[in-house]
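Residues or ranges marked as compositional bias 'Low complexity' by TrEMBL: 279-288. Here TrEMBL flags 71-146, 168-273 as domain 'Ig-like'. Taken from TrEMBL, the feature region 'Disordered' applies to 274-307. Positions annotated as transmembrane segment by TrEMBL: 30-48.
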Amino acid sequence: MADKCHLCLLGLIFLSSLLTGKEIYFLYDLNILFFLCWYALCFHLLIYNNDHSNIFFVSGSSGVNETRVLISSGENVRLSCNNALPDCKSTTWNYERFRDSAAVELIGGGIKKTDTESRERLSLGSDCSLNIKNITKEDCGLYFCRQYVNDQQQGTDARVYLHVLHVSSSSSSSSQTEISAGRSVTLFCQLYSYERVSCDDWIRSERINLFWVNQAGDKLTRSDSRYQISAPDHCISSLTTTLLNEDHNREWRCNITQRNQLKTSATYTVKISDDASERSSSGASDSAIQFPETTSRESIAAAPTQG
């Protein structure tokens, strides 16, 4: 993205160099215009360059850089550190999930801590970024990177708010459950966020939408008699339907968009076991449908992880 901005700037400088004669008197004003255009282009590339970018909100405040990342459970993510130093031995990554809980140190002095539940899924990138594999809904929260030299912080905090999209079934809390065909099932699509962040507030302000789609990618609506869709707030949507035998291997997909651009999606796949298929074909009414654990569209935030 930065390379594109620099290329654009070089082009603008070249155009200004072609100005001669009376046009030179307008050079100052034109240069101001050119630089304004450059910054506008950089902002556009940062926010909208990739239709499937998981980084959907970036802001900066005094002494703090903040990023919001949206990703689906089961994916991998790389959280960037605002590096002041190239040596990652000076890097510390901390994590907060709940409002009143103390921060947990995940990386200290460039080394993974051994007493964290997610230790096996964590790694530190060569650029001091935090890589997390196989994201779960419990990974949502605030991550912040700091760098120290002789106990003195170098540079500013890099804060990353990680929001996780997850689909679950009402049938059971376990990853696999059998349900008879002809019975009703409810799927829940929920966006999990840091407790101190009002999900409704920033979803409205950033024009983010959460909704169910069919296998063709078309949005499901309440007008479809087969589905009962309910959205008690902007961060959760439920879909209730009666399962049919032809739902075998069907993906029930929940999408999130920002300004009509897809950011990420999560799916729940319906499978009918072999025994259930045999019972169904013989006319039995208790054919069982098996719900495996949630899967999600392959989508890496910021950049793909290594390893």
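Even glycines carry a Cβ here, placed using N, Cα and C.
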Using DSSP, what is the helix/strand/coil residue split across the domain 'Ig-like' (168-273)?
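Breakdown, helix to coil: 10 helix, 56 strand, 40 coil.
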Which whole number is the mean pLDDT over the domain 'Ig-like' (71-146)?
91
